[in-house]
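> First the structure, then my questions, so here it is.
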């Protein structure tokens, strides 16, 4: 027996697959990352090829092991964290997907959502799942596949198909088709799972017309689900022992273990989660109630504000407008101006998420004058991340009656000091950036390590959280209010735009 020295985190994101090795001191020993194809068949539709995701994920596993020179048998366990809601349905006999994976950002099921709302079912879904009826969540995506891909409805009725979010798909592949499971956090994003009773909800499945036989078994976020088939994992059998959706994993990696602690992750989208312990808060302000994780025999809940477009707005400046060479350049250009000169950019490219939930909103740049420069537009795009975060924090404080003391942040954009300073200024609370900003992968590693005794307790893990920098708010309150009022006006102009004539 070789000593177990590492935990491997698989981070299956929206645009890339990553494999990150952590040692016992939670240091990153190796990282491999590879992007995969984004498929846009029609405006507002987004797909991924699930087979390509698997081969990309397997490729980075092999790469990180080769690059670091470690032996696969030194890996104590594997943790998986994933883009949530993205839906794949596959044939359980052949292992082949019946259609591309439908991505969380995809709006194709807007009409299915409208039908559910017209039938007056929104409250029922909200009460049971903690979610709003929106094209974002998995349930309507599964329904769309069964309604639109020829032959799938019959196969589903015969019990020949399986549904999974990306965690489920990867575990199924890694175990050679032996294990069909998900965890509480991912199940809570499907629109089919009752977060109070902790079971798949037959009434909701009836409304969506999805057979129970498709659904995975729901387990805790930290337990041994199964073992890798040696031929699917570099010739070795390693326990898969931790799973959480990417945002819940980041909350765990940020050591937000006490009720009232919150983090904001800046990625493709922006996601703020606040731990609410065993309280299920029903949001009056457009937030989601979700399961943070299942651990030690109990479930922890969270309030979540989901912002669809954050870093993706900067990618659009780079790829769409081509006014940036690379995303990090945004800080350089934005720092060339004192502010936006009255310009606001509302990145509602895929509708608006929390707290507005307007599927028909579209992007807008307002306040343009002849004096507007590319620097102003870049600055306005960065500022939009901070404004959207303020929208969500306001809703969170109203729902929970908890006044946030500080906001922990993570994700790629937190390296941008200008953005982080503006975030602190516009919120009026300190913004805390940790030393390890890979908190999503860290959270998955922690869950997997705890399950096999690689780490003892979450108390031990909480002590490891270290601050890199605290951004203090220096903006005067009247200035903050003036800027934010302008933002609210700009959002109003972007709403209810994409209407059918």
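In case you wondered, yes, glycine gets a Cβ from its N, Cα and C as well.
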> Please pick, from 14, 15, 300, the residue that Swiss-Prot records in the sn-glycerol 3-phosphate site together with 84, 85, 136, 246.
14
> Max CA to CA distance in Å over the ATP-binding set 14, 15, 16, 268, 311, 315, 412?
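Taking every pair among 14, 15, 16, 268, 311, 315, 412, the longest Cα gap is 14 Å.
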> Whose Cβ lies within 8 Å of the mean position of the Cβ atoms of 14, 15, 16, 268, 311, 315, 412, the ATP site, other than those residues?
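After dropping the recorded site residues, what remains is 13, 267, 312.
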> Between residue 315 (ATP binding site) and residue 14 (sn-glycerol 3-phosphate binding site), how far is it from one CA atom to the other, in Å?
13
> Beyond the listed site residues 84, 85, 136, 246, 247, identify every same-chain residue whose Cβ lies within 8 Å of the center of their Cβ atoms for the glycerol site.
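Other same-chain residues with Cβ inside the cutoff are 83, 86, 104, 189, 245, 271, 306.
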> What Cα-Cα separation, expressed in whole Å, is found between residue 268 (ATP binding site) and residue 14 (sn-glycerol 3-phosphate binding site)?
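Spelling it out, the Cα of residue 268 (ATP binding site) and the Cα of residue 14 (sn-glycerol 3-phosphate binding site) are 8 Å apart.
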> Nearest to residue 246 (sn-glycerol 3-phosphate binding site) by Cα, among 15, 311, 416 (binding-site residues)?
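Result for residue 246 (sn-glycerol 3-phosphate binding site): the nearest of the binding-site residues is 15.
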> Just report the maximum Cα pair distance in Å for the recorded glycerol binders 84, 85, 136, 246, 247, no decimals.
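Pairwise Cα check on 84, 85, 136, 246, 247 gives a maximum of 15 Å.
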